[in-house]
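Structure, as structure tokens:
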């Protein structure tokens, strides 16, 4: 099995190195091939997603991704910024379904900004559509307004758009995920204001007829954001569009105590996927050896489960992470009283030892 390893920028190389260390500790043989991406890709080829990197990603059975982005690239035109690499990979590999689990581990309940009773036992899965919505809708740009109250003035504009096939395929993915869990699915939209959201809701209701065993409910995105902070354990599986999912999944991540604990998977129709931590490249702490590698290690576990059909090995990694937390090992972002604070490498070593 071939895995494309794309460390990226900032803390990306440090945390990916620990995930690779864990993979190498398993009694499996993987072909791991590394390539530059993001700012590193731009430095190597003049583009954040070099042709050779894209070729490797297409040929691989799965992609293990670190993080991209650095302030020094902010002056580049949008098409050349590091963040375009992840958007390009999603587009070229047709990765349309993003899974973002938000789990509050018992050992970290005191690290959450919410009261322990609100987050103890929290286990949410957010299923986000990745290829449509306002992030990719056309037309978009900056122009002189042709009409309206500010005709003749400069304006920025984007297009929120979804096709029926896009909504149907993410609906099926979400219903199938809910079927394997508590058989509850919440669809989040803004159907009281947006035509696109009403269209989304209508299709969700139609698809639900094929999943009589799954309870479908709906919530407006503003209320969902409030409820995530007020009573998050009411949720199990949430399905939503690209922009709403981007925002809600980041909010949900903070309920757990640290975004440094949360993995993610982006899948195509055949379950080939790109696996990455939910956090960014954190250039402010790059090279200091203090980044939390657990989200990346858990992303590797998701990769084993969803794309490589190695569920037992995924379970082993997840159990090892729980063991390490029970033993009191903590990076700075999840530090708790009485815990043993360690750096990136030591945390990876602890997971390997727990295996």
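Start at 1 and count along the chain as shown; that gives each residue its number.
The backbone N, Cα and C atoms fix where each Cβ goes, and this holds for glycine too.
What Swiss-Prot records for this protein:
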- 90, 100, 128, 222: substrate binding site (BINDING)
- 222, 246, 250: Mg(2+) binding site (BINDING)
- 280, 281, 282, 283, 284, 285, 286, 287, 288, 289, 290, 291, 292: NAD(+) binding site (BINDING)
- 135: site 'Important for catalysis' (SITE)
- 190: site 'Important for catalysis' (SITE)
#### Entry: Spatial neighbours of residue 284 (NAD(+) binding site), counting only the recorded positions 90, 135, 222, 246 and Cα distances within 10 Å
none
### Sparsest-packed among the binding-site residues, when each Cβ's other Cβ atoms within 10 Å are tallied, from 90, 100, 128, 288
288
### Query
Expressed to the nearest Å, what is the distance separating residue 135 (site 'Important for catalysis') and residue 246 (Mg(2+) binding site) at their Cα atoms?
10
## Note on the structure
Among 90, 128, 222, 280, i.e. the binding-site residues, the one with its Cα nearest that of residue 246 (Mg(2+) binding site) is 128
### Message
Can you give me the Cα-Cα distance between residue 282 (NAD(+) binding site) and residue 90 (substrate binding site) in Å, rounded to a whole number?
### Response
22
### Message
In the three-state scheme derived from DSSP, which category covers residue 100 (substrate binding site)?
### Response
strand
### Query
For residue 288 (NAD(+) binding site), which of the binding-site residues 100, 128, 222 has the nearest Cα in space?
100
### Task
Measuring CB to CB from residue 286 (NAD(+) binding site), give everything in the same chain under 8 Å that is also at least six residues away in sequence.
9, 10, 11, 14
### Query
Taking only the recorded positions 190, 250, 280, 290, 292, which one has a CA atom nearest to the CA atom of residue 90 (substrate binding site)?
280
### Task
Could you say which of the recorded positions 135, 250, 282, 284, 292 has its Cβ with the most other Cβ atoms inside 10 Å?
292
### Task
Consider the binding-site residues 100, 128, 280, 290, 292 and say which one has the Cα lying nearest the Cα of residue 190 (site 'Important for catalysis').
128
### Query
For NAD(+), with binders 280, 281, 282, 283, 284, 285, 286, 287, 288, 289, 290, 291, 292, what's the maximum Cα separation in whole Å?
16
### Message
I'd like to confirm something. Which of the binding-site residues, 250, 280, 290, 292, has a Cα closest to the Cα of residue 128 (substrate binding site)?
### Response
250
